[in-house]
């Protein structure tokens, strides 16, 4: 959807113009330039995980009610508004990558092993019979459950970071690298590479998210020195206009049955900036604690949630009290069950580590 990227460029230009004219306060997110851990990144990951669940809930509703657009258009709207989620995880992962002893050991123990175990169990549940070659193919390409494509995708970025020459990860060369990454990401979004890559590679193509990975590296370097401009009355108005236009356009697309891609450039970037601006860093607030917990345990929730949504396909979502209540119950179950299991795993880990 080239038009959607053009729309993002226009909105970005409009926002940049009003920043220059009205000197609107603007701060580049600085998650890692803190003396203490910035909980806003955990919260953003938490909202991203909630967004991923909402994307899958739309598919669940559409599976049972494809001919009820009065319901599925609304679930599609919530799904489209959540399309910042996967880029946020790619962006967040690059913020803390560092080449050090045990780099690959950490990646295998914290990502590959849990993913392989979950995939093996999921394969037996979903396909009933064990076929090693088929399982290996689905494991490598992230096809045991549809959401699992994210793990092979993320692992490619770990490889890229490891083999990327050091001089390309600092100074002016990093800026050039990020510009190149953004350009390749843009070309991928407008389907330039479609005929050049195998069909099976499309969902896990690193080209779809290169820009977000590069921006994380750039932010990690501390290239930006944000300055706090004096607040003025145009800030809320201008941001509100941009957000309203965005929601209206996304709503228009959704109610025409159009599903937005996960990796459009401008919307995820804008959401990171907005979340960073409005979220509280006060760890004592209940909402902050809950969303941060989801963010910190997002990998386990991500791996377990497909089991829940797969099992729920045995029941019509309306059976949980109609479309609205059914949506809320589905959302609650797909977050609470994996969260409880994640908490149990975390508790067991702590007990074994203390022995």
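Placed from the backbone N, Cα and C atoms, the Cβ positions cover glycine too.
No curator has checked TrEMBL annotations; they are predicted automatically.
In TrEMBL this protein carries:
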TRANSMEM  6-26  transmembrane segment
DOMAIN    40-342  domain 'Acyltransferase 3'
TRANSMEM  47-64  transmembrane segment
TRANSMEM  76-96  transmembrane segment
TRANSMEM  108-125  transmembrane segment
TRANSMEM  145-164  transmembrane segment
TRANSMEM  173-194  transmembrane segment
TRANSMEM  200-219  transmembrane segment
TRANSMEM  239-258  transmembrane segment
TRANSMEM  264-281  transmembrane segment
TRANSMEM  293-312  transmembrane segment
TRANSMEM  324-345  transmembrane segment
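Across the candidate stretches 108-125, 239-258, 264-281, 324-345, the maximum count of CB pairs under 8 A to the transmembrane segment (47-64) is reached by 324-345. Scored on C-beta pairs under 8 angstroms, the neighbour of the transmembrane segment (264-281) with the top count among 76-96, 145-164, 173-194, 200-219, 239-258 is 76-96.
It is 200-219 that, among the stretches 108-125, 145-164, 173-194, 200-219, 324-345, forms the most Cβ pairs under 8 Å with the transmembrane segment (76-96). Sequence-distant residue pairs (6 or more apart) of the transmembrane segment (200-219) and the transmembrane segment (173-194) include at least 3 whose Cβ atoms are under 8 Å, placing the two stretches in contact. When Cβ-Cβ distances below 8 Å are used as the criterion, the transmembrane segment (324-345) is approached by residues 49-50, 53-54, 56-57, 60-61, 75, 293-294, 297, 300-305, 308-309, 312, 317-318 of the same chain, each at least six residues removed from its ends. Sequence-distant contacts of the transmembrane segment (108-125), counting only residues of its own chain at least 6 positions beyond either end whose CB sits under 8 Å from a CB of the stretch, comprise 135, 138-139, 144-145, 148, 151, 154-155, 299-300, 303-304, 306-307, 310.
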